[in-house]
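Step one of this worksheet: look at the structure below.
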Amino acid sequence: ACTGIENIDEAITLLEQNNWDLVAAINGVIPQENGILQSEYGVETLHGPAYGPTSHSTAASSTPSSSSAFRHVVPSRQIVERQPRMLDFRVEYRDRNVDVVLEDSSTVGDIKHILENELQIPASKMLLKGWKTGDVDDSTVLKSLHLPKNNSLYVLTPDLPPPSSSHSGALQESLNQNFMLIVTHREVQREYNLNFSGSSTIQEVKRNVYDLTSIPVRHQLWEGWPSSATDDSMTLAVSGVTFPCHRLTVGRRSSPVQTREQSEEQCTDVHMVSDSDGDDFEDATEFGVDDGEMFGVASSALRKSPMMPENAENEGDALLQFTAEFSSRYGDCHPVYFIGSLEAAFQEAFYGKARDRKLLAIYLHHDESVLTNVFCSQMLCAESIVSYLSQNFITWAWDMTKEANRARFLTMCTRHFGSVVAQTIRTQKTDQFPLFLIIMGKRSSNEVLNVIQGNTTVDELMMRLMAAMEIFSAQQQEDIKDEDEREARENVKREQDEAYRISLEADRAKREAQEREMAEQFRLEQIRKEQEEEREAIRLSLEQSLPPEPKEESTESVSKLRIRTPSGEFFERRFLASSKLQVVFDFVASKGYPWEEYKLLGTFPRRDVTQLDPNKSLLEVKLYPQETLFLEAKE
């Protein structure tokens, strides 16, 4: 639809050459100077680059009510065939980048001749690398390589000696230096002092200025960049800015709509109008997007979400949202924020063992401060700061943007640190935020060691953290010594208490054993008495139930039994021969020898009478007319 190419294979080939980047593929086929806009009112010629995420300028539109930032581009076959296609090359050689623009009818050798003038290197000594196709020589026509519009190459010079080590050392030293850029915002006449390392790029500077001034990178008009700063990807160390301080001025371009002649006039200085980076569609309304959708995404999605909900009931939930939003804005490399109330953070930092205690760092965020984005992205998220905080601090955060959250923190601050500290924070202006409070716990109170404002550098922030850590370490050593002495005293007391407890336990155990023994003896005696009483009752009962002893002159058959006890005593009794053997057993039991415990044995023949049927008569069991028996205890 955009290019008029109907051959599917040709279209797929172009997309593959551009790594499936649709906009790059379209720009590679249609020269941007001759793109055609199709509007609902007719067809009009677009002077300047076509719209797209990587466009460097904007174009006028005759339909301001359109809800999309893009229009369908319909190519003119006749125009495409009449004018040559232009190719952009970025060529890297050691620490330099050279931009080359050629028609696709040129050859590789033409590129080398241009580089020969720029780099002062003979073309015969150059090896031009980075081609996506196979073998390429100086006579190869660029059009035959089917290249995308934007290309990256690099030059190798194996036959030339490397640059002197002194130059490399100086460059490395410059990369490690910190540059102070004093940026004046022209419209509001305000200065910003920004610190950047030498390894930072010009593009990074412009992005940070956007955070401070809300001027998108594409709309920034700059003054003061050195003539050698020809590329936004250049680092400050090689851009030619003055060390240690360099002054710049930035303003907003008067109107996003430019004629081709105005655009060419402003581009005489490459940094007067900054290149678009593809991420700067914040001012989408200037492209005809009016609270609608841009690329299918609602414009409200471009606004920042609050760091913390207003009037949050639970501080832990508020900190969870703060951490998630912080990560989405500044990346995952950031301090580990404690999730919980401020009181819980105190407990974690101050009330453990002396060796485990840490300093408490409270980060106070404010979205309306011009320093917040720079402080968070360059200082608070620096790896050295993140590592040092995680090792030595418990970090707690709060958002002061909303008035309700601000008042809530000031109330907490008054309760924990006193009215003086609360008043100090209350009087801080918005542009002095963010704040970083360093708190040290003491025996009776919490002391604020330092209040760090947002207008600082990474080195200064690290130095102040280390200074607070030195004070804390000295106090911690004293606390460890006191704690060790106290634990030693408590150990001695515990050992004495333990020895005394063991002695008491031994005495109590001995006394309890004696009491148990006496109780057992008493219990056994009671049982014995009860058993004796029970035996006596049984004996008397049996004695009373015995039939009367028959007389010697009785006319009935009488059996005379003589019984010997285990102690050697004898007792005799007469029984009727017709009496049952059970009567004999009852008689023996009445004398204190129950047949359950004793057995009654006969002599000749030896037999166990207790094993006989007790219902048989004495005559039947042959205990007639007389018999001698003896008692023996059962096993």
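Our numbering is plain: 1 for the first residue shown, then up by one each step along the chain.
Backbone N, Cα and C atoms are what each Cβ position is placed from, and that goes for glycine too.
Unlike curated records, TrEMBL annotations are generated automatically.
According to TrEMBL, the region 'Disordered' annotation covers 48-68, 476-496, 540-560. According to TrEMBL, the feature compositional bias 'Low complexity' maps to 53-68. Look at TrEMBL and you will find 486-496 tagged as compositional bias 'Basic and acidic residues'. TrEMBL lists 554-631 with the feature domain 'UBX'.
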Rounded mean pLDDT for the residues that make up the domain 'UBX' (554-631): 89
Tally of DSSP helical, extended and coil residues in the region 'Disordered' (540-560): 6 helix, 3 strand, 12 coil
Residues in the region 'Disordered' (476-496) grouped by DSSP into helix, strand and remaining coil: 21 helix, 0 strand, 0 coil
